[in-house]
Amino acid sequence: MSRKASEDVEYTLRSLSSLMGERRRRQPEPGAPGGERSLLAAESAASLQGAELERAARRQFQRDETPAFVYAAAAFSALGGFLFGYDTGVVSGAMLLLRRQMRLGAMWQELLVSGAVGAAAVAALAGGALNGALGRRSAILLASALCTVGSAVLAAAANKETLLAGRLVVGLGIGIASMTVPVYIAEVSPPNLRGRLVTINTLFITGGQFFASVVDGAFSYLQKDGWRYMLGLAAIPAVIQFLGFLFLPESPRWLIQKGQTQKARRILSQMRGNQTIDEEYDSIRNSIEEEEKEASAAGPIICRMLSYPPTRRALAVGCGLQMFQQLSGINTIMYYSATILQMSGVEDDRLAIWLASITAFTNFIFTLVGVWLVEKVGRRKLTFGSLAGTTVALTILALGFLLSAQVSPRVTFRPTAPSGQNATCTEYSYCNECMLDPDCGFCYKINSSAVIDSSCVPVNKASTNEAAWGRCENETKFKAEDVHWAYSFCPTPYSWTALVGLVLYLVFFAPGMGPMPWTVNSEIYPLWARSTGNACSAGINWIFNVLVSLTFLHTAEYLTYYGAFFLYAGFAAVGLLFVYGCLPETKGKKLEEIESLFDHRLCTCGTADSDEGRYIEYIRVKGSNYHLSDNDASDVE
């Protein structure tokens with residue numbers, strides 16, 4: 001700390017001391033009625049407030065002293081988030097080219113999309129034991145190596161089996177990174193920057209998704225090898241992360257846990273610059289000693305977490321947040337944004353891909369807003385507001401599809417199916433009914449913006465660009481005759497509603513429900529349970545990710561498009577109640593202080609918010625709790 005900053009700190013502390021001394025002089029004499037009780041309350045309150053103000057003053061002057069080293073560690077760590085976003089987002093555009101070149105059926109398309117997600121879920125569940133044994137740094141090095149190898153395999157793949165192998169390897173890498181990166185960032189960050197730096201990981205995830213959408217659009221014009229560039233480019237950030245982590249240290253908390261105290265102290269000092277580390281070091285060491293005593297009981301860590309009420313509640317909150325993040329439809333929006341836009345009436349594939357990049361850009365920009373808000377608003381309020389807006393946006397999106405369905409063109413021409421050909425499609429009466437059947441397409445003409453001579457006929461299994469028979473059988477011929485063919489969308493004047501709904505959804509989702517489940521999970525577990533807790537919550541995230549992404553098209557088929565989005569809106573509304581009742585505020589608290597937030601019953605812990613103007617404080621003195629009541633606090637005044 002500079003000499004000027006040190007002088008400012010000392011001046012501030014002297015002023016605080018003088019202020020607290022003046023406050024004590026105004027208290028009643030011990031012999032006065034209620035004097036002893038009031039004096040004790042006043043001294044307790046003064047001590048609490050003085051200590052808090054002192055810490056606040058030191059944080060204020062130390063804030064600018066945080067070494068650039070900490071920011072570099074957070075940035076290289078967050079490249080794992082970039083890979084997460086890129087590899088999960090790029091496949092939607094690549095699939096448009098792959099399915100034609102390799103003649104992929106529906107099953108193989110689903111395998112390639114969900115293979116990486118499923119592998120990531122397995123890796124995340126096993127990742128707790130992995131980074132607990134190897135360390136956070138080694139786990140991230142392994143993740144970046146897997147992503148590099150997997151991306152190279154994908155770029156060079158000659159068949160669909162090799163593609164699947166590459167996707168599985170990439171999935172293992174991003175699964176390990178998804179639950180290790182937030183923990184590493186949280187453990188190397190100072191308390192006043194922890195929430196913001198952890199949120200940077202989600203910023204990089206959304207940045208990766210946006211970059212993937214731009215890459216998809218740029219290489220969509222290369223029909224033959226464009227997908228190789230799309231899938232192979234992920235190797236570049238993976239190599240950068242691997243090289244960067246060769247020069248970054250291990251988490252000091254993990255080192256202390258493993259008994260490497262001198263190395264941990266040296267790294268902690270390096271990460272805090274000129275700030276004193278004695279208090280933080282002692283706090284970490286004491287918490288580890290207490291947690292080792294608690295963890296000395298036999299049995300798996302997950303069993304001990306479930307048998308100990310505070311960690312059981314923390315695990316329920318952490319896993320619940322990850323579950324509702326997925327059930328509110330985020331990866332339906334991100335994986336299928338181009339498909340959703342096409343469903344709404346956007347005819348051209350390339351236009352749908354470029355419009356999808358708008359949603360990815362919105363996600364990226366408003367994640368930046370979340371980075372700014374997280375330490376100002378707090379985790380609880382930001383998450384609650386985000387889910388409330390998400391619920392409204394999903395409802396608007398559903399209403400847009402409902403409006404389009406109500407004006408869906410009628411089938412006015414029913415051609416006779418050739419002998420031996422499927423005639424099921426000709427039985428549908430409206431375009432939206434026709435589109436819900438993946439084997440059917442809509443053939444029509446336009447007269448003065450009105451749809452005429454429309455029919456529902458089977459799609460050509462070799463190419464979805466034309467029908468199996470009838471007027472739209474030959475793409476070159478029917479286009480010359482001014483006949484139009486629609487597959488997976490209906491002509492409608494309300495196609496713009498989907499883009500508006502998607503953008504509005506991400507405006508609300510990105511600042512809160514995007515980063516907060518990861519931020520909260522990096523904070524709420526004691527050290528002995530942190531790896532396992534984050535592994536379980538990340539695994540839940542990936543499991544529901546697989547569930548939602550694999551069922552969206554079938555859900556839309558059985559419930560209609562608007563029914564699917566009404567369903568997601570219902571899930572988001574239930575998540576809103578969950579956050580209101582169960583999520584406590586962790587803003588500004590040390591990792592060692594957060595465990596006590598879950599001493600309350602689950603249905604009330606979310607309401608125990610000290611920032612709401614209450615005067616209740618708990619003072620830990622030699623293992624005892626002294627409670628300063630509202631009445632005592634009023635006596636202080």
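Cβ from N, Cα, C; glycine included.
As the structure is a computational prediction, the values presented were derived from the model and not from experiment.
According to Swiss-Prot, the feature topological domain 'Cytoplasmic' maps to 1-65 (among others).
Taken from Swiss-Prot, the feature phosphoserine applies to S6 (among others).
For 16-38, the entry in Swiss-Prot reads region 'Disordered'.
As annotated by Swiss-Prot, phosphoserine applies to S44 (among others).
Annotation comment: Swiss-Prot describes S47 (among others) as phosphoserine.
According to Swiss-Prot, the feature transmembrane segment maps to 66-86 (among others).
Predicted-model confidence for the topological domain 'Extracellular' (87-114) is 76, expressed as mean pLDDT. What Swiss-Prot records for 87-114 (among others) is topological domain 'Extracellular'.
Residues or ranges marked as transmembrane segment by Swiss-Prot on the basis of sequence analysis: 115-135 (among others). The list of residues near the transmembrane segment (115-135) in space but at least 6 beyond its ends in sequence, with Cβ under 8 angstroms from a Cβ of it, reads 87-88, 91, 142, 164, 167-176, 178-180, 183, 250-251, 254, 258, 301, 531-536, 538-539, 541-543, 545-546, 549.
Residues annotated as transmembrane segment in Swiss-Prot, with sequence analysis given as evidence: 138-158 (among others). Under 8 Å from some Cβ of the transmembrane segment (138-158) lie the Cβ atoms of residues 77, 79-80, 83, 87, 127, 130-131, 165-174, 176-177, 180-181, 184, 228-229, 231-235, 238-239, 241-242, 245-246, 250, all in the same chain and six or more residues away from its ends.
The annotation topological domain 'Extracellular' is assigned in Swiss-Prot to 159-167 (among others) on the grounds of sequence analysis. With a cut-off of 8 Å between Cβ atoms, the residues of this chain six or more beyond the topological domain 'Extracellular' (159-167) that come close are 91, 98, 102, 104, 108, 111-112, 115-116, 119, 150-153, 231.
Taken from Swiss-Prot, the feature transmembrane segment covers 168-188 (among others).
For the topological domain 'Cytoplasmic' (189-201), same-chain residues at least 6 beyond its ends with a Cβ under 8 Å from one of its own Cβ atoms are 59, 62-63, 66, 70-71, 74-75, 77-78, 80-81, 181-182, 271-272, 275, 367, 370-371, 374-375, 379, 515, 518-519, 522-523, 586-591. The topological domain 'Cytoplasmic' annotation in Swiss-Prot covers 189-201 (among others).
Per Swiss-Prot, transmembrane segment is recorded for 202-222 (among others).
Swiss-Prot lists 223-228 (among others) with the feature topological domain 'Extracellular', giving sequence analysis as the kind of evidence.
Feature annotation from Swiss-Prot assigns transmembrane segment to 229-249 (among others).
Among the features that Swiss-Prot reports, topological domain 'Cytoplasmic' is placed at 250-313 (among others), with the record citing sequence analysis.
With DSSP classes pooled into helix, strand and coil, the tally for the topological domain 'Cytoplasmic' (189-201) is 11 helix, 0 strand, 2 coil. Residues in the topological domain 'Extracellular' (223-228) partition by DSSP class (helix H, G, I; strand E, B; coil) as 3 helix, 0 strand, 3 coil. Residue pair N447 (N-linked glycosylation site) / N474 (N-linked glycosylation site) shows a Cα separation of 21 Å. In this structure, the C-alpha atom of N474 (N-linked glycosylation site) lies 18 angstrom from that of N422 (N-linked glycosylation site).
For the transmembrane segment (563-583), the list of distant contacts is 313, 316-317, 320-321, 324, 327-329, 332, 379-380, 383-384, 387-388, 390-391, 394-395, 397-398, 401, 513, 520, 552, 555-556, 602-607: same-chain residues at least six beyond its ends, Cβ to Cβ under 8 Å.
Between the transmembrane segment (539-559) and the transmembrane segment (314-334) there are at least 3 Cβ pairs closer than 8 Å, counting only pairs 6 or more residues apart in sequence, which means the two stretches are in contact. On its own chain, N422 (N-linked glycosylation site) has D439, P458, A468 as residues at least 6 apart in sequence with a Cβ closer than 8 Å to its own Cβ. Residues 94, 97-98, 100-101, 154-157 of the same chain lie 6+ residues outside the topological domain 'Extracellular' (223-228) yet bring a C-beta within less than 8 angstroms of a C-beta in it. With every protein chain in view, the residue among the glycosylation sites N447, N474 whose Cβ has the most Cβ partners within 10 Å turns out to be N474.
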